[in-house]
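S.K.: The structure is given below, and queries will be raised subsequently.
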């Protein structure tokens, strides 16, 4: 069962990169270290605000969206499309401050304080939400008592909080200090624009500490408030402070699994940045790429492609004429991933090669190795296996030399090679690479994100499943599930793993157990609050098959019908996954005595398969025989007994050997 091998790679790459803000980041990026770096940068910016009157140091934090000083928690470690139960969509503030004689409007753009005119918003982009978030304070703020009202005290408190976070000694103490700093800036900053920015900065740091403690629900109202304070017409610094809050809140929603809310915040942040910096600023290009990666994680490839092309065009315009910049290389790597997911493997390969050349020219060896893995993926999709092996071995050598032989990036390449050798029938070599990868994943090096380990288990499980070693496959899926147990914002990921476990138990003939596992997975998908994806549709189809084996025919029909509706919308009526559901639904209708409906669906399936696969294809021939049998029975007025459902249902391609997992 799968949603396409290329889509699986998207999930894999997303997990490896950790945060779409850093497509070139190393594979072993850790959350804690990234958060510490962000805290230090935020504190540095606050200190600069106190010591310089010539230039607002908040600009160093908010304008620059690059690696040097971006407001980036690097906390977004998505392995799948995940969601929280019952969360409502949030609307963000992007409105002008009310004037004494009336309200401002986003459409009434004014020159910024430095004389720079605001660029017009592109009509092709979504309009920014205009409704205000209700002002919400963290419940902890009311417990803080601060007598002093000097802004210098706030800076000192933030410094102490930063030192505690950096040392990792006591995040709770750091939280107390950050809360006191916020209270100080609240008392002394009323009516002072510059001190208002101090408050915004302290709120960002407070939210980062909440995130480090896993208190995402407490971080959200803090960030909402940080967006509410700065007003766009107060100047560039304030507008970009609002931008930073949008991006950080988007990260937080991503952590909580609310992907649609996350994308909405990123889109709003991009619109603010474009207004302030103009359409062609390089930093706007970086944000376009960031938003594109978020769309990739949501499997929204067309929108991702559009945004990535915007980023590529901007970075081309800002780069040197002779050589491609590292930013352009990152854009091309992402564009290759998007094209790969869409099945455009030749185009993907072209982008990967250009990205690799640009990175090589600037001695980014490990980044080149990561791209070599993607090049190997494209070659494997094109059945150019020798070239794929060469690309993987090249990446493997670099990772071993640069990161060590027990690093998770080495294990990742082992898994790629295991998959390749399995595809070409070299089972012994495939098992050897699986075992080498498992040795690393079972004893990961310190600092390895456990999400990477879980992803590795899922990948290797799929290979064992295709070898029909189902016990080992199920064992690894259970290990992966244990890693995600009780993790916040991972409901969809857990549901995907459970769905794959349902497939394996189905293949083992444990139909009742398979049904129960699918039921749990479907429940999690329904409660996630996210839109229904192709993954959900495939899981419904599989649960329907389990119902067939348990002779729950009516329930099976309901599940197939729901799966049909979802897959028609997400994949289209000609996609193999959709056709598989049509075929299953036709068999179910026949078993229920709805012969005319069954014939109508099966005629469509046969016609489509003939058009796409050719009349000589074995799959087409089998469908034609099924249709002929139904027509013959309809001609003689079938009334007394129905053909057994299990003889009519085609072997589902989703659970055939050699398929990739759903997650």
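Just so it is clear, glycine is given a Cβ too, placed from its N, Cα and C backbone atoms.
Pulled these from Swiss-Prot:
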COMPBIAS  1-14  compositional bias 'Basic and acidic residues'
COMPBIAS  86-100  compositional bias 'Basic and acidic residues'
COMPBIAS  102-111  compositional bias 'Polar residues'
MOD_RES   19  phosphoserine
REGION    1-24  region 'Disordered'
REGION    86-146  region 'Disordered'
REPEAT    147-181  repeat 'TPR 1'
REPEAT    200-233  repeat 'TPR 2'
REPEAT    243-276  repeat 'TPR 3'
REPEAT    285-318  repeat 'TPR 4'
REPEAT    329-363  repeat 'TPR 5'
REPEAT    369-402  repeat 'TPR 6'
REPEAT    411-444  repeat 'TPR 7'
REPEAT    454-487  repeat 'TPR 8'
REPEAT    495-528  repeat 'TPR 9'
REPEAT    537-570  repeat 'TPR 10'
REPEAT    579-612  repeat 'TPR 11'
S.K.: Average the per-residue pLDDT over the repeat 'TPR 6' (369-402) and send me the rounded value.
M.R.: 96
S.K.: How many helix, strand and coil residues does the repeat 'TPR 3' (243-276) contain under DSSP?
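M.R.: Helix, strand and coil residues of the repeat 'TPR 3' (243-276) number 31 helix, 0 strand, 3 coil.
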S.K.: For the repeat 'TPR 8' (454-487), which stretch among 285-318, 369-402, 411-444, 537-570 has the most Cβ pairs under 8 A?
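M.R.: Comparing 285-318, 369-402, 411-444, 537-570 against the repeat 'TPR 8' (454-487), the winner is 411-444.
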S.K.: For the repeat 'TPR 11' (579-612), what are the DSSP-based totals of helix, strand and coil residues?
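M.R.: DSSP classes over the repeat 'TPR 11' (579-612) add up to 31 helix, 0 strand, 3 coil.
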